[in-house]
Amino acid sequence: MRRSDNHHPTVWGDHFLAYANLSGANEWEEKEHEDQKGEVRKMLVLSPSKSLQKLELINTIQLLGVSYHFEHEIEESLSEIYNGYEEWIGKSHDLHVVALSFRLLRQQGYYVSSDVFRKFTDDQGNYNKALVNDTHGLLSLYEAAQFRVHDEEILDEAINFTTTHLNLLLPKLSNSLSMQVSYALKYPINKTMARAATRKYISFYQEEKSSCDQLLINFAKLDFNILQKMYKREMCDITRWWKELDLVNELGFARDRVVELYFWSLGVYFEPQYKVARNILTKVLCFVSITDDIYDTYGTLHELTLLTNAIERRNIDAIENLTSYMKLFYTALLHFYDEVEKELEKENKSFRVNFAISEMKKLVRAYFQEAKWYHGNTVPKMEEEYMKNGIQSSASPTLATASWLGMGDEATKEAFEWISTEPPILVASSNIARLLNDIVSHEREIERGDVASSIECYMKEYGATKEEAYMEIRKIIENNWKDLNRGCLKPTTVPRVLLMPVLNLTRVAEFVYKDEDAYTFSKNNLKDVIFMVLDDPIEE
């Protein structure tokens, strides 16, 4: 018997095809952009090396989404702060300074000890009551604590303390600061999509003109709008490809979400140099989404057996046993990977595609296992069955590997071999994505008869209530964030530039699965965010 989820149609249609002839930045914009960039660089270089001014400038540049222009200068500044950290920050009793420097360094991959916060606690390890009205200090501590690793109870306590007191302060704050704190409580810097956050922070800083140099705001707005034009052209090309592929019309059960998936890839890397990587990743996301719908919704167990075997073979001859709708999908999938291979061959990087296909095979095996659980009405064991399979069914290994396909020379064969072994950072990312998805999909899946989700597995295995299962699974997610944070600290096995897509894929999952499955039900809230990022220029 076939299932159906009756997904709503695309909310975007052919909208982005209208940008086929959109030009990039005009001559004035390019000149203005270069001039302003030079001025911001001067501000960064000339600000005193170990000062709150330098810390806040770096933070603002990052939040406004323009730090990719100044990576060298920011790295130099933070390296200098790291080398003199004990001497400067060790002696400081300003919570905002200590927490901000701690976060900026951890964010950059530097390990600094959380013991630096002990000076703000009493003998029992509780934070001093004198801090409860220090809004900027609390907000900085809250953001810093999101970068915690295991055995940092002082940061675990910091999250409880700051969350409680920032919520209590909200009614007393100015409108702009209140909006900023509310946004941070829902979307902390370490757990949100950079482009969506940038759009918000530009508006926050515009409201609070005194706290940020007007030149910097103007530069951020101009940069945002120039990039947005580029995204519109990219989205136009991808929409055309999607229409020519025509799979969702042929497969009426599949979610038509190409714009949402481009937005997903933008969460992984938004910078101009990743144009090719974004294009490939978006297309892989499209195939993963359709594969999910075939295995999760439409395919019979017999059909899924045949498709799994065909994908394992990766040979057009395997098509003969497939049903007509699967033939279309399978042919398109093989053609796509062949095309990517041809493109990468020009740069002697075609070896990458074999790694990507290998991950795709693991993904369909995991989807097939879930289908067998469904058809057998089986509730698997939480740890050794469900979570083990969930590493792959989260699609994170497939997407992380695919995210490297169009990247630069740092994505070596050794790096691909490393990620194919499921290193801890990838397992953590996968666990987070799997469990976040499970939480927001649970009620809907129960209605349609799915029993194999982490919530159901946990309830059955531990005799827990639904609420207890949710609480425990949120704890597991937080513990995996600690593993992920640890995996991003130097020294790393592969260059950090390769770890960023893994981290950013996790951030996208946190963003998309915050209150609901915003990908599946994109007409609810996600469409407004996508409109702001992809379609709505900021008034200059």
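Cβ atoms here come from the backbone N, Cα and C positions, even for glycine.
Keep in mind that this is a model prediction, so the values were computed, not measured.
What Swiss-Prot records for Asp292, Asp296 is Mg(2+) 1 binding site, and it gives similarity to another entry as the kind of evidence. For Asp292 (Mg(2+) 1 binding site), the same-chain residues that are 6 or more apart in sequence and have a Cβ closer than 8 Å to its Cβ are Tyr367, Ala395.
Contacts of Asp296 (Mg(2+) 1 binding site) defined by a Cβ separation under 8 A and a same-chain sequence distance of 6+ are given as Tyr367, Glu370, Ala371, in order along the sequence. The annotation Mg(2+) 2 binding site is assigned in Swiss-Prot to Asp292, Asp296.
In this view, Glu445 (Mg(2+) 3 binding site) is surrounded by 17 other Cβ atoms within 10 Å of its Cβ, with every protein chain counted. Summarising the annotation, Swiss-Prot assigns Mg(2+) 3 binding site to Glu445 and lists similarity to another entry as the type of evidence.
Packing against the motif 'DDXXD motif' (292-296) from elsewhere in the chain are residues 5, 251, 253-255, 304, 307, 326, 329, 364, 367-368, 370-371, 395: each is 6 or more residues past its ends and has a CB under 8 Å from a CB in it. Marked as motif 'DDXXD motif' by Swiss-Prot on the basis of similarity to another entry: 292-296.
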Using DSSP three-state counts, the residues of the motif 'DDXXD motif' (292-296) come to 5 helix, 0 strand, 0 coil
